[in-house]
Amino acid sequence: MGQPNVPLVAVVGPTASGKSDVGVALAHLLEREHGRPGEVVNADAMQLYRGMDVGTAKLTPAEREGVPHHLLDVLDVTETAEVARFQADARAAVEDVTARGGLPLLVGGSGLYVRAAVDDLRFPGTDPEVRARWEAELAVLGPHALHARLAERDPAAAAKILPGNGRRIVRALEVGELTGRPFAASLPEQTYLRPTVQVGLAVPREQLDARIDARVERMWAAGLVAEVRDLEARGLREGRTASRALGYAQVLDAFDGTTTEDEARELTARLTRRFARKQESWFRRDPRVHWLPAPDGSDPLDLARRVLELLPVASAA
């Protein structure tokens, strides 16, 4: 039997589509049938954070079934998740797994993080003074007014960034000022850094929505509120990215009394359903992704076998 002959496999798709379980099943399958162990490299931005476990549906050590997982629990909640830093760390993890004879499996649904790991792209640098100036403008004017300013300077970028997304608006203005080029010019091109097979898990919309609703209920039952309370004591509110994570932001609002816990749970489910649609739209725009139907009742091992069938093989000597 030929060996899988590809340097990197990515399992992508929306939240609650079953990526994590397929990643574990694929890792076992590779070792059992090909003698080449698979190791997972996380590509979920919020799973980078230590202690953000319940609300991110992070696999427990037992659920990882002995499969090595990289880039989980590498940031404190007070740290900002930066895609450029992730890119360097993910590429280092891929090279490490490969050097030891394994097959790296990039697993996650954070679209830009996946692209940063698999594609040949370079992110513009940042300047703290320029960033601080635009953030001060954001604080005074608000995101909608700053979005109007971006529209004057870079209409193409403004058309792709929601008026309420202050962080991305600031970044687009910063990049434009530093490079003198449109923000879109710095976005990733679809050119692989190394040969890669990307596989997306496609779940019917109604089924995915139901999975998300059930997952949110399980998170609350599993202690999400207590997890957020613990992380609050460790500086969660100071974290620019961690404090905005779905579920965590809503529970913090409940702590503040601006919403009830029931309302926070319902809002988390609604926003997660919306987020899943955005994730799928992102990955659907990439024609290189091979989509596998993954409806309710799909066996992760069966899906892993179908992923394996998509991989090019090298003939045995």
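Cβ atoms here come from the backbone N, Cα and C positions, even for glycine.
According to Swiss-Prot, the feature ATP binding site maps to G13, P14, T15, A16, S17, G18, K19, S20, an assignment based on sequence analysis. Here Swiss-Prot flags T15, A16, S17, G18, K19, S20 as substrate binding site. Here Swiss-Prot flags S110, R131 as site 'Interaction with substrate tRNA', drawing on sequence analysis.
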Integer Cα-Cα distance in angstrom, S110 (site 'Interaction with substrate tRNA') to S17 (ATP binding site): 13
Listed in sequence order, residues with CB under 8 A of S17 (ATP binding site) and six or more positions away: G109, L201, A202, V203, L208, R211, A294
Euclidean distance between Cα atoms of R131 (site 'Interaction with substrate tRNA') and G18 (ATP binding site), Å: 37
Those recorded positions listed as P14, R131, and which of them has the most Cβ atoms within 10 Å of its own Cβ: P14
Collapsed DSSP category at P14 (ATP binding site): coil
Euclidean distance between Cα atoms of R131 (site 'Interaction with substrate tRNA') and K19 (ATP binding site), Å: 35
Number of Cβ atoms other than its own within 10 Å, given for T15 (ATP binding site): 22
Output field, substrate shell: CB within 8 Å of site CB centroid, site T15, A16, S17, G18, K19, S20 dropped: G13, P14, D21, A57, G109, L201
Least surrounded among the binding-site residues, given as G13, G18, when other CB atoms within 10 Å are counted: G18
Between R131 (site 'Interaction with substrate tRNA') and P14 (ATP binding site): CA-CA distance (Å): 31
Cβ atoms near S20 (ATP binding site) (within 10 Å, other residues, all chains): 23
Cβ neighbours of A16 (ATP binding site) where a neighbour is any other Cβ within 10 Å: 23
Additional residues surrounding ATP, by Cβ distance to the G13, P14, T15, A16, S17, G18, K19, S20 centre under 8 Å: G109, L201, V203
